[in-house]
Amino acid sequence: MAGGFVSQTPGVRNYNYKLTPKVFVTCFIGAFGGLIFGYDLGISGGVTQMEPFLEEFFPYVYKKMKNAHENEYCRFDSQLLTLFTSSLYLAALVSSLFASTITRVFGRKWSMFLGGLTFFIGSAFNGFAQNIAMLLIGRILLGFGVGFANQSVPVYLSEMAPPNLRGAFNNGFQVAIIFGIVVATIINYFTAQLKGNIGWRISLGLACVPAMMIMIGALILPDTPNSLIERGFTEDAKKMLQSIRGTSEVDEEFQDLIDASEESKQVKHPWKNIMLPRYRPQLIMTCFIPFFQQLTGINVITFYAPVLFQTLGFGSKASLLSAMVTGIIELLCTFVSVFTVDRFGRRVLFLQGGIQMLISQIAIGVMIGVKFGTVGTGNIGKTDANLIVALICIYVAGFAWSWGPLGWLVPSEISPLEIRSAAQAINVAVNMFFTFLVAQLFLTMLCHMKFGLFFFFAVFVFIMTIFIYLMLPETKNVPIEEMNRVWKAHWFWGRFIPDEAVGVSAAEMQQKSV
Ligand code: BGC
């Protein structure tokens with residue numbers, strides 16, 4: 001594929017690269033890093049619906065679920081049960097902060113490897129769990145794995161990919177996440193039908209498969225040219241760049257990487273530096289994008305789709321089946337982003353997806369409100385329940401080509417090398433913190449806010465869509481080490497970027513972009 005689409009930001013260079021098999025295979029394997037996160041996201045909701053699992057570890061919830069039919073909104077409300085799901089995200093938050101140093105000092109691939117290893121050990125703890133303690137220790141280890149992988153993989157993909165295809169390659173991470181979710185949901189569907197404890201053990205234990213895939217992948221993958229230069233292997237970096245770009249003419253990009261690395265050497269403390277005014281746009285974006293991604297409310301669907309569908313009156317099997325359908329739709333629609341993100345750009349997808357989510361959320365809230373009211377009793381007819389499932393699919397599709405993949409892509413591509421690892425760690429930490437909050441609070445919120453919960457998330461989707469419209473410049477096709485120019489040309493952020501970072505004044509940049 002020729003490097004067709006060009007950047008529109010003034011002063012930004014365009015390297016004209018072909019897509020090489022090497023970069024394709026490398027990024028394909030690198031994207032496996034999303035599998036562990038996805039597998040876990042997909043398995044937890046289903047396992048916490050399995051009666052033998054609840055009976056074994058959460059007898060109180062089990063009893064309540066068996067008896068209660070009086071208030072649909074509150075059927076599954078239990079802090080301990082949600083702690084099982086959400087403890088992972090706190091662990092991931094903590095480990096992403098450590099991962100940033102390993103990613104910077106030892107290279108991206110070792111963080112990926114460590115991620116696979118800790119996830120592997122966690123899956124053994126969970127599969128063989130005899131008590132709540134083993135279950136929680138396992139979850140925490142899985143969380144460490146997710147933190148390491150999510151901190152390193154998006155950066156790895158963004159650095160390896162040719163600039164004009166960076167969006168597509170980076171979106172491979174989200175494709176892997178959703179693939180993991182779908183596989184996990186299918187596994188749950190079958191294991192839920194097994195008698196006794198074997199079902200949930202298989203579901204939790206099989207997490208070792210994606211863990212092994214990322215471990216083996218990390219061992220055979222080369223490190224990125226950016227990271228090799230950062231760690232002083234300049235010659236190796238040049239050879240690596242030539243081989244992944246499929247040409248010996250990489251001097252311009254190589255020089256950009258060297259310059260970026262020189263700049264980066266001035267910075268001894270990435271964590272302190274990211275607080276400097278010149279990194280304000282990146283800091284704000286790496287905090288707000290993951291915050292908003294979680295406040296779309298997507299994980300209400302990811303974790304609790306089976307619960308939600310049961311609440312709507314579906315049987316346990318039909319609920320898992322519906323969760324499978326939403327997962328498959330999410331997977332297919334993520335490809336829309338893969339194929340359009342470098343052509344139409346990030347902003348168009350963010351804005352279109354946001355509007356689609358907003359409309360469908362309001363419609364879902366209205367429908368559930370009309371059927372269950374505030375009391376939360378009543379039965380929903382088959383046609384209405386199906387209509388709600390259809391609306392959920394429209395919402396999921398909107399997320400799948402916007403905030404899902406772009407929530408990982410944009411933060412990984414907007415920061416200069418000297419703060420990139422720290423910025424990505426912040427991205428993961430904020431993402432995990434709000435994933436934790438939503439996971440922990442959703443069932444209680446559903447119990448108290450009832451159908452209003454959907455309006456709650458809709459308000460945030462409205463705010464985030466305006467935020468993107470005003471504050472996020474287009475980054476498609478811009479070489480990753482040239483990103484400062486994009487910020488410099490932005491109407492608001494331009495004032496924070498010093499002239500020497502791009503060699504021109506903000507006024508000149510903005511004039512050129514008119
Ligand atoms: C989000 C997760 C979400 C997943 C699937 C990811 O991009 O970070 O929180 O569960 O997509 O929808």
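Using the three backbone atoms N, Cα and C, a Cβ is placed for every residue, glycine included.
Model, not experiment: these values are computed from the prediction.
Per TrEMBL, these features apply:
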TRANSMEM  23-43  transmembrane segment
DOMAIN    26-476  domain 'Major facilitator superfamily (MFS) profile'
TRANSMEM  80-98  transmembrane segment
TRANSMEM  135-157  transmembrane segment
TRANSMEM  169-192  transmembrane segment
TRANSMEM  198-221  transmembrane segment
TRANSMEM  283-307  transmembrane segment
TRANSMEM  319-341  transmembrane segment
TRANSMEM  348-368  transmembrane segment
TRANSMEM  388-410  transmembrane segment
TRANSMEM  422-445  transmembrane segment
TRANSMEM  451-472  transmembrane segment
Quick check for me: are there 3+ Cβ pairs below 8 Å between the transmembrane segment (422-445) and the transmembrane segment (80-98), leaving out pairs under 6 residues apart? yes
Report, as numbers and ranges, which residues of the same chain sit near the transmembrane segment (135-157): CB under 8 Å and 6 or more residues beyond its ends. 27, 30-31, 33-34, 36-37, 40, 57, 83-84, 87-100, 102-103, 108-109, 111-112, 114-126, 129, 166, 169-170, 172-173, 204, 207, 211, 214, 221, 224, 408-409, 411-412, 420-421, 424-425, 428, 431-432
Do at least three C-beta pairs under 8 angstroms join the transmembrane segment (451-472) to the transmembrane segment (283-307), pairs 6 or more apart in sequence? yes
Under 8 Å between C-beta atoms and at least six residues away from its ends: which parts of the chain pack against the transmembrane segment (388-410)? 150, 154, 158, 166-167, 170-171, 173-175, 177-178, 285, 289-290, 292-293, 296, 298, 301, 305, 308-309, 312, 322, 325-326, 329-334, 336-338, 340-341, 346, 349-350, 352-357, 360-361, 363-364, 367-368, 380, 427, 431, 464, 472, 475
Lying 6 or more residues past either end of the transmembrane segment (80-98) yet within Cβ distance under 8 Å of it, the residues of that chain are 40, 44-45, 48, 54, 57-58, 60-61, 118, 135-136, 139-148, 150-151, 303, 424-425, 428-429, 432-433, 435-436, 439-443
On average, what pLDDT score does this prediction assign to the domain 'Major facilitator superfamily (MFS) profile' (26-476)? 89
